[in-house]
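Chemist: Marked as transmembrane segment by TrEMBL: 45-68, 80-106, 112-134, 154-177, 197-216, 248-267, 279-301. If you look up TrEMBL, you'll see 59-299 marked as domain 'G-protein coupled receptors family 1 profile'.
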Amino acid sequence: MSEEPTVNASWLPQDRVEAGSTENASGSSLVPAVEPEPELWVNPWDIVLCTSGTLISCENAVVVLIIFHNPSLRAPMFLLIGSLALADLLAGIGLIVNFVFAYLLRSEATKLVTVGLIVASFSASVGSLLAITVDRYLSLYYALTYNSERTVTFTYVMLVLLWGAAICIGLLPVMGWNCLRDESTCSVIRPLTKNNAAVLSVSFLLMFALMLQLYIQICKIVMRHAHQIALQHHFLATSHYVTTRKGVSTLAIILGTFAACWMPFTLYSLIADYTYPSIYTYATLLPATYNSIINPVIYAFRNQEIQKALWLVCCGCIPSNLSQRARSPSDV
């Protein structure tokens, strides 16, 4: 009796099922020898990842379209938010394409292309987050000279560097830095090698450390600015405390969300390899994809200018409370 074919995601290690196969083969001989209809078994984790990819794609496509079609959203901040949304959009498309190829068009070439796309997209997403952090720090530290041509040039340089690095990282598996010929060198994400995954993980930890340091400096600047504004306008100490606490809370949410989403998979990639059960890879990778779902909410939809553009597209009007809202030091 032939075994029923099972299909796993093409980019995760294949769990060993020899024991289960042997047990199935030793069934009772009294069962009529009828060939069963072949069934395509779909891993529920793959469905969840594909669903996350669909949500990521739809959500970030809205942000990309708003920024692309609105000429007023061309400041450095919006260029970086657009870069983040584009990277997350490509990551969502990569998750969808990987699901389709894993179950409909299985080949080594498609495996390399889809994994390369996902790695490049998530690398560009993390790089864009770092670039946004740098831009926020510069906008506060050099408040008087921030709105200048030099800032725009610096922003374009950052975008070229981060997307160039992301594309190079994504091309590594395609160019031969993979474990297809030597499975013993595979990481938790096949066909990435263990060394490749380690380099990506260490790079992420370094970028996270840099973001943490920058956000600490941003927090100090926000507190100082809030204190100065309170003195100039003779605000009460409680008002200064509430404004400062709101700014610190916002920064803590931004950094905490980023760490909670990416840290489990980063640390797991450092210590694990292809011999570990794939369920651990799914369980740590899924929260990382959630970061691309949360990014538009934190960086785009909270922005007043993007909110105005979204209201104009949806209903052709801008709420009065939104148009009259003033930016406070806590809006970081």
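Quick reminder: no glycine exception, Cβ is built from N, Cα and C everywhere.
Just so you know, TrEMBL annotations never went through curation; they're auto-generated.
Remember, it's a predicted structure, so these values are computed and weren't measured experimentally.
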Chemist: Mean pLDDT, the domain 'G-protein coupled receptors family 1 profile' (59-299)?
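Modeler: Looking only at the domain 'G-protein coupled receptors family 1 profile' (59-299), pLDDT averages out to 87.
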Chemist: Do the transmembrane segment (154-177) and the transmembrane segment (80-106) come close, with at least three CB pairs under 8 A (pairs 6 or more apart in sequence)?
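Modeler: Stretch pair touches.
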Chemist: With Cβ distances under 8 Å as the criterion, find the stretch in 45-68, 80-106, 112-134, 197-216, 248-267 that has the most pairs with the transmembrane segment (279-301).
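Modeler: Between the stretches 45-68, 80-106, 112-134, 197-216, 248-267, 45-68 has the largest tally.
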Chemist: What parts of the chain pack near the transmembrane segment (197-216), using Cβ distances under 8 Å and only residues at least 6 beyond its ends?
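Modeler: Same-chain residues near the transmembrane segment (197-216) but 6 or more away: 119, 123, 126-127, 129-130, 133-134, 136-137, 169, 187-189, 251, 254-255, 258-259, 262-263, 266-267, 269-270.
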Chemist: In the same chain, which residue numbers or ranges, 6 or more beyond the ends of the transmembrane segment (112-134), come under 8 angstroms Cβ to Cβ?
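Modeler: Answer is 10-11, 77, 80-81, 83-84, 86-88, 90-91, 93-95, 97-98, 101, 155, 158-159, 162-163, 165-167, 169-174, 178, 180, 189-192, 200, 204, 207, 210-211, 214-215, 218, 258, 262, 288, 291-292, 295, 299.
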Chemist: By a Cβ-Cβ criterion of under 8 Å, what residues six or more beyond either terminus of the transmembrane segment (45-68) are in contact with it?
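Modeler: Same-chain residues near the transmembrane segment (45-68) but 6 or more away: 8-9, 78, 81-82, 85-86, 88-89, 91-96, 98-99, 102-103, 279, 282, 285-286, 289-290, 292-293, 295-296, 300-301, 306, 309-310, 313.
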